[in-house]
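**Q** Dumping what TrEMBL says about this protein:
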type    : residues            : note
BINDING : C39, D41, H98, C101 : Zn(2+) binding site
Amino acid sequence: MQHIIEGFLSFQKEIFPQRKELFRSLASSQNPKALFISCSDSRLVPELVTQQEPGQLFVIRNAGNIVPSFGPEPGGVSATIEYAVVALGVTDIVICGHSNCGAMKAIASCQCLDPMPAVAHWLHYADAAKAVVEKKTWNSETDKVNAMVEENVIAQLNNIKTHPSVAVGLRNSGLRLHGWVYDIESGEIRTLDRNTKSFVSLADNPGVYFE
């Protein structure tokens, strides 16, 4: 914990004074243009990967970058999505998975999650991805996990479209959905191409999006 406190003290003393005008402008309002939904894995930092300043990304993070389908009892993810679209007027939503995802590894390997019942329940929201992956034969566990990561991004994109605010945004206001997979080792991002339904290099295809 001490290194975290020391980090704050360094920020307060060295960084904040240099960015004082930025934080003053953010003190009373925010105007992010994108909602970024990613895994809570400590190795993926949305603002770092996308090089965005404070105030530019509205972020949801949870185990497995999961978006439950809209239901009668909205939870924190649903409420945050609705707020981002309706109140903040974001124009883009990114759902970003990542390589070597522990949540997807647990699903792919059928790992016993009895000691973590809340996690086990939560990961059922990735059942659609699991069903697709289980229909195929894989050469290695790594290949299977990589497939789970990609299929889970697709599944969560389909889930988010069930949210009324998102459906209205897609229909009326030009809202766009993006499916990304970030590779931790290489720093590369692959994006879901709506035409080919496959993941392609974002660097080579910056205009590609899902919907």
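A Cβ is built for glycine as well, from the same backbone N, Cα and C atoms used for every other residue.
TrEMBL annotations: computationally assigned, not manually curated.
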**Q** Tell me whether D41 (Zn(2+) binding site) sits in a helix, a strand or coil according to DSSP.
**A** coil
**Q** Are there any residues at least 6 positions away along the chain from C101 (Zn(2+) binding site) with a Cβ closer than 8 Å to its Cβ? List them or say none.
**A** C39, D41, G64, V145, M148, V149, N152
**Q** Cβ within 8 Å of the Zn(2+) site centroid (C39, D41, H98, C101 excluded): which residues?
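**A** Once C39, D41, H98, C101 are set aside, the remaining close residues are S38, S40, R43, L44, G64, N65, G97, S99, N100, G102, A103, M104, V149, Y182.
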**Q** If you count, for each of the binding-site residues C39, D41, the other Cβ atoms lying within 10 Å of its Cβ, which residue has the minimum?
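**A** Result for the binding-site residues C39, D41: minimum number of other Cβ atoms within 10 Å at D41.
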**Q** Translate the DSSP assignment of C101 (Zn(2+) binding site) into the three-state scheme.
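**A** Once the DSSP labels are grouped into three classes, C101 (Zn(2+) binding site) ends up as coil.
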**Q** List the same-chain residues at least 6 positions away in sequence whose Cβ sits under 8 Å from the Cβ of H98 (Zn(2+) binding site), in sequence order, or say none.
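**A** Same-chain residues close to H98 (Zn(2+) binding site) (Cβ under 8 Å, separated by 6 or more) are S38, C39, D41, R43, L44, V149, V181, Y182, D183, I184.
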